[in-house]
Amino acid sequence: WLMGHMVNAVKQIPTFLNDGANAIEADITFKGAVPTYSYHGTPCDFGRDCIRWEYFDVFLQTLRDYTTPGNSKYYEKFILFVLDLKTGSLNNNEVRKAGENVAKGLLKNYWNDGNSGGRAYVVLSLPDIAHYEFIRTFKEVLKAEGHEDLLDKVGYDLSGPYLPSLPSLDSVHEAFKKAGVDGHVWLSDGLTNWAPLGDMARLKEIVKRRDSENGFISKVYYWSVDRYSTTRTALDVGVDGIMTNFPYVIIDVLNENGYKDKYRLATYDDNPWETFKK
């Protein structure tokens, strides 16, 4: 899964897809518990415009256009998007309400109330394992609206907080249990592209847990990968996905000897909730 990073303006969507991405990531900012914009703000990755944005509802409607067969904007290879939900400043009550609002927003503006909406898979990424109530409420809303089937298209990522230190993987697992999530788990690790590359110790730990007999992780992705050398290192560690500002870099590496026989871009027929067994 090759994810275009920080794709927050609708005009950026075809640019990243044409550069080779089969998925995108967008940053969803809130006013209180209301998802309002796809917007990152400053600071952000080096070399990027941090202030590109769109209204949340319009952004989802545009994603629907690009992922609905028969639509003039349809891209067959666009199969997944990650919503990086900026819930860090919300209290517990707001987190629950935010889960409700995001569920209703996706249902109306992306899934078209279950009537021939967009077909892409969705990963909901939350910055704090304490925000598991967001996921519980999200799921409850879709069930109450009669669209529990759409949960087949939804995965979850709980990846923080980052300060004072990242939570242990056991703590992350417990949060998923509290959220009522068994499967459909994506877990990420990474650094902004202007930070020095570390030893990827946590990434290796996540991959090891994914591959263990009692692993709770479906897929592992790494961000922000913009260098050829970092791409090769991440692939060697065994990631399932890479998030990048420059999709063509990853495409180039995937076509190199040593990688083209081991890796390929995911297609719609590949199950993003199924752990790949070597």
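Using the three backbone atoms N, Cα and C, a Cβ is placed for every residue, glycine included.
Some features that Swiss-Prot has for this protein:
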type	residues	note
ACT_SITE	H5	active site
BINDING	E25, D27, D84	Mg(2+) binding site
ACT_SITE	H40	active site, nucleophile
DISULFID	C44-C50	disulfide bond
| Across all chains shown, how many C-beta atoms besides its own are within 10 angstroms of the C-beta of E25 (Mg(2+) binding site)? | 25
| For the Mg(2+) site given as E25, D27, D84, which other residues of the same chain have their Cβ within 8 Å of the site's Cβ centre? | H5, M6, N8, A26, I28, H40, V82, L83, S125
| Just checking: which of H5, E25, D27, C50 have a Cα that is within 10 Å of the Cα of the residue listed as 'active site, nucleophile', counting only these recorded positions? | D27, C50
| said: On a C-alpha basis, identify the one among E25, D27, C50, D84 that is nearest to the residue listed as 'active site'; the candidates are the recorded positions. | reply: E25
| Across all chains shown, how many C-beta atoms besides its own are within 10 angstroms of the C-beta of the residue listed as 'active site'? | 28
| remark: CA pair D84 (Mg(2+) binding site) / C50 (disulfide bond), Å rounded to integer, equals 15
| Between D27 (Mg(2+) binding site) and C50 (disulfide bond), what C-alpha distance do you get in Å? | 11
| Rounded to a whole number, how many Å is the Cα of E25 (Mg(2+) binding site) away from the Cα of C50 (disulfide bond)? | 14
| query | Among all the protein chains here, how many other CB atoms are within 10 A of the CB of D84 (Mg(2+) binding site)? | reply | 25
